Amino acid sequence: MAKVVVFDHPLIKHKLTFIRDKNTGSKEFRELVTEVSMLMGYEVTRDFPLEEIEIETPVTTMKSQVISGKKVGLIPILRAGLGMVDGMLNLLPAARVGHVGLYRDPETLKPVEYYCKLPQDIEERELIVLDPMLATGGSATAAIDFLKEKGATSIKLVCLIAAPEGVDAVKDAHPDVDIYVAALDEKLNDHAYIVPGLGDAGDRLFGTK
Ligand code: PRP
Ligand code: URA
């Protein structure tokens with residue numbers, strides 16, 4: 001069974017407060033989302049394997065550790081997932097970035113796919129799916145279904161804010177996928193928005209409302 005990690009770091013809690021605040025404008029919102037994504041990346045990569053290499057310090061030679069093993073693919077779910085890419089790339093500059101375009105139909109609340117461009121070797125990569133909001137879980141579940149159909153073997157999901165309904169939906173559909181959330185909120189409202197949440201992540205990132 002995969003794990004669900006809810007962050008309790010003071011820096012993440014502090015920054016999330018201002019991300020949630022409706023008076024935070026798009027510029028600051030984007031900066032904060034980047035910062036929180038980077039902080040989350042620290043924990044998301046905790047199980048990355050290490051190997052020893054030999055190096056020379058100015059004083060002597062030594063064996064020291066570097067990350068080995070799988071290559072990484074970052075998969076933002078468009079649009080709002082884009083806001084988390086830079087923070088993760090700051091930590092993982094060699095990662096490839098694949099894009100999955102999904103929007104949630106406002107009537108049916110079901111995800112509709114409209115774009116996909118992935119690295120060719122996704123089956124060899126440790127994929128990190130990025131989306132600030134995990135509400136009903138429909139979008140994340142569909143994106144992960146899709147990545148598995150394309151051959152993905154190792155997937156983690158990283159979200160800023162989740163509703164319990166979304167976490168349960170992804171856990172049920174994809175018990176092999178670890179889920180990392182900066183905050184687990186109370187519930188969904190009648191429009192399937194997360195309460196208290198932060199509103200519409202895409203609109204707040206890109207200033208479209
Ligand atoms: C938002 C969000 C998730 C989805 C979450 O995207 O970024 O992708 O809703 O809802 P769900 O868990 O119920 O599927 P939205 O559909 O608003 O598209 P956008 O990113 O283009 O704004
Ligand atoms: N999508 C968002 O952007 N916000 C929510 O609260 C739910 C879905």
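Each Cβ is built from the backbone N, Cα and C atoms, and glycine gets one as well.
Curation plays no part in TrEMBL annotations; they are all automatic predictions.
Per TrEMBL, the feature domain 'Phosphoribosyltransferase' maps to 6-208.
Residues or ranges marked as 5-phospho-alpha-D-ribose 1-diphosphate binding site by TrEMBL: Arg79, Arg104, Asp131, Pro132, Met133, Leu134, Ala135, Thr136, Gly137, Gly138, Ser139, Asp200. DSSP classifies Asp200 (uracil binding site) as coil under the three-state reduction.
Taking a C-beta cut-off of under 8 angstroms and a sequence separation of 6 or more, Ile194 (uracil binding site) has the following same-chain neighbours: Met133, Ala135, Ile161, Ala162, Ala163, Gly166, Asp185, Lys187, Leu188. Residues or ranges marked as uracil binding site by TrEMBL: Ile194, Gly199, Asp200, Ala201.
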Sorting the binding-site residues Arg79, Asp131, Ser139, Gly199 by sequence and keeping only those with a Cβ under 6 Å from ligand 1 gives Arg79, Asp131, Ser139
Would you count the other C-beta atoms found within 10 angstroms of the C-beta of Ser139 (5-phospho-alpha-D-ribose 1-diphosphate binding site) for me?
-> 27
Quick one: what's DSSP say for Met133 (5-phospho-alpha-D-ribose 1-diphosphate binding site), helix, strand or coil?
-> strand
Just checking: which of the binding-site residues Asp131, Ala135, Asp200, Ala201 have a C-beta under 6 Å from ligand 2?
-> Ala135, Asp200, Ala201
Most Cβ neighbours within 10 Å, among the binding-site residues Asp131, Asp200, goes to Asp131
